[in-house]
Amino acid sequence: MTKFRSSIAVKKGMCTLFLLFIYVLGSRIALPFVDLNSRNFLGGSAAYLDFSVALTGGNLRSLSLFSIGLSPWMSAMILWQMFSFSKKLGLNSVSSEVQDRRKMYLTLGIALIQALALTTNLPVQAPYNPFLVFLLNTSLLVAGTFFLVWLSDINATIGVGGPVVILLASMVASLPQDIIQSIQVHKISLGLLFLLLVLGVLFTYLVVLFYRARYRIPINKIGLHSRFKRYSYLEIMLNPAGGMPYMYVMSLMGLPSYLLLLLQHLDKGNPLYSAMLEQYAMGKPLWIYAYILILFVFSIAFAFVNVSGQQIADQMKQSGDYIYGVYPGEDTSRFINRLVLRFALIGAVFNVTLAGVPILFVLQDESLLKVSMIPGLFLILSGMLFTIHDELQALRLNERYQPLF
């Protein structure tokens with residue numbers, strides 16, 4: 001029992017559970033002076049936005065302190081990665097402290113847009129001043145987002161999983177309700193439900209296969225002298241991006257809806273914003289085609305974010321390691337990037353097939369939207385669980401050795 005309590009994995013796990021308790025507690029703190037019984041805010045878009053916000057730690061169903069979740073921070077990370085590819089901007093030339101500060105400024109700007117779009121459409125209770133309630137709730141929503149960012153950083157330091165745990169908790173809280181509601185609405189028979197369960201098991205097997213499959217590149221290490229093993233290996237996943245592109249796509253694609261809602265409130269006489277909101281609504285053809293295209297592009301882009309040929313080549317050059325038959329430096333970088341691109345295309349096709357193709361059924365029946373999103377949700381869920389599992393395995397590695405005396 002003493003050994004169990006002294007385990008690093010157990011200590012970090014307990015810290016994570018405590019931080020999750022704080023997250024759940026904060027998600028139950030409702031925004032003040034708001035009519036929680038009204039569901040007609042956001043121009044009727046609440047049901048669609050709630051689905052995407054739930055993937056980023058938010059919840060529009062309860063209108064709480066954490067309603068917009070980590071979505072602004074995730075959108076800021078995507079935009080920062082896009083901007084950093086431009087050498088003219090020189091974003092990577094400054095110190096990491098300056099970069100982190102600028103990322104927070106970008107997060108603040110996006111959080112303000114989302115908070116303003118939400119608070120301008122909230123149903124305020126009659127006796128209170130709408131403007132003061134608007135200022136108060138906007139401040140609370142922005143503060144809630146930054147509190148979640150801080151909570152994620154704390155969990156990354158003393159807990160397990162970093163921000164993934166918060167996103168996982170939000171998904172687990174909303175996913176069962178959406179599945180049960182979809183089964184009730186479409187009156188799925190037991191036979192069809194059994195078939196879906198079989199397909200779910202097959203889907204889980206494919207996800208595990210793609211996540212665990214690795215391509216190993218033999219690396220010659222100067223300091224490695226063993227007649228039993230000449231090489232160490234650089235491993236590249238069959239799907240280098242994993243399931244994370246799906247979640248980031250949902251976060252980024254929700255941003256235009258918030259911006260249009262805010263513009264619609266500022267320019268109420270202009271019918272253009274209402275028409276654009278209607279055409280871009282979740283489940284509409286424009287949204288579906290944009291979603292599939294961005295998912296494909298992000299699956300390739302995130303592969304190069306996770307496996308950077310330039311960084312690996314630089315590290316190998318500094319340590320004196322090399323790939324047999326490939327010159328160190330730029331040749332090694334190009335060799336690795338070609339492999340990453342090849343596997344990124346395989347992963348992109350896999351992600352689009354499992355998380356994108358089912359959404360095409362929504363073109364025939366919009367009520368199938370939540371059902372068609374379930375494969376993508378399981379793709380994210382599997383990736384999160386594997387990430388947490390791998391981190392726990394790494395923490396337990398040092399505990400497998402017993403002291404000599």
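Positions of Cβ are set from backbone N, Cα and C atoms, glycine also.
Per Swiss-Prot, the features are:
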- 14-34: transmembrane segment (TRANSMEM)
- 65-85: transmembrane segment (TRANSMEM)
- 104-124: transmembrane segment (TRANSMEM)
- 131-151: transmembrane segment (TRANSMEM)
- 156-176: transmembrane segment (TRANSMEM)
- 190-210: transmembrane segment (TRANSMEM)
- 243-263: transmembrane segment (TRANSMEM)
- 285-305: transmembrane segment (TRANSMEM)
- 343-363: transmembrane segment (TRANSMEM)
- 368-388: transmembrane segment (TRANSMEM)
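Cβ atoms under 8 Å from those of the transmembrane segment (156-176) belong to residues 9, 12-13, 15-16, 19-20, 23-24, 51, 54-59, 61, 69-70, 73, 148-149, 247, 377, 380-381, 384-385, 387-388, 391-392, 395 of the same chain, restricted to positions at least 6 beyond its ends.
Same-chain residues lying 6+ beyond the ends of the transmembrane segment (65-85) with a Cβ under 8 Å from its Cβ atoms: 23, 26-27, 29, 31, 52-54, 56-59, 91-92, 99, 102-103, 106-108, 110-111, 114-115, 118, 140-141, 143-145, 147-149, 152, 163, 166-167, 170, 247-248, 251-252, 254-255, 301, 305. Here the transmembrane segment (190-210) lies next to the transmembrane segment (343-363) in space: the count of CB pairs under 8 Å, restricted to residues six or more apart, reaches at least 3.
Between the transmembrane segment (104-124) and the transmembrane segment (243-263) there are at least 3 Cβ pairs closer than 8 Å, counting only pairs 6 or more residues apart in sequence, which means the two stretches are in contact.
With pairs at least 6 apart in sequence, the transmembrane segment (243-263) and the transmembrane segment (131-151) have fewer than 3 Cβ pairs within the 8 Å limit; the two do not touch. Between the transmembrane segment (243-263) and the transmembrane segment (285-305) there are at least 3 Cβ pairs closer than 8 Å, counting only pairs 6 or more residues apart in sequence, which means the two stretches are in contact. Listed as Cβ neighbours of the transmembrane segment (285-305) (distance under 8 Å, sequence separation of 6 or more from its ends, same chain) are residues 81, 239-242, 244-246, 248-249, 252-253, 279, 337, 340-341, 343-345, 347-348, 351-352, 355-356, 359-360, 362-363.
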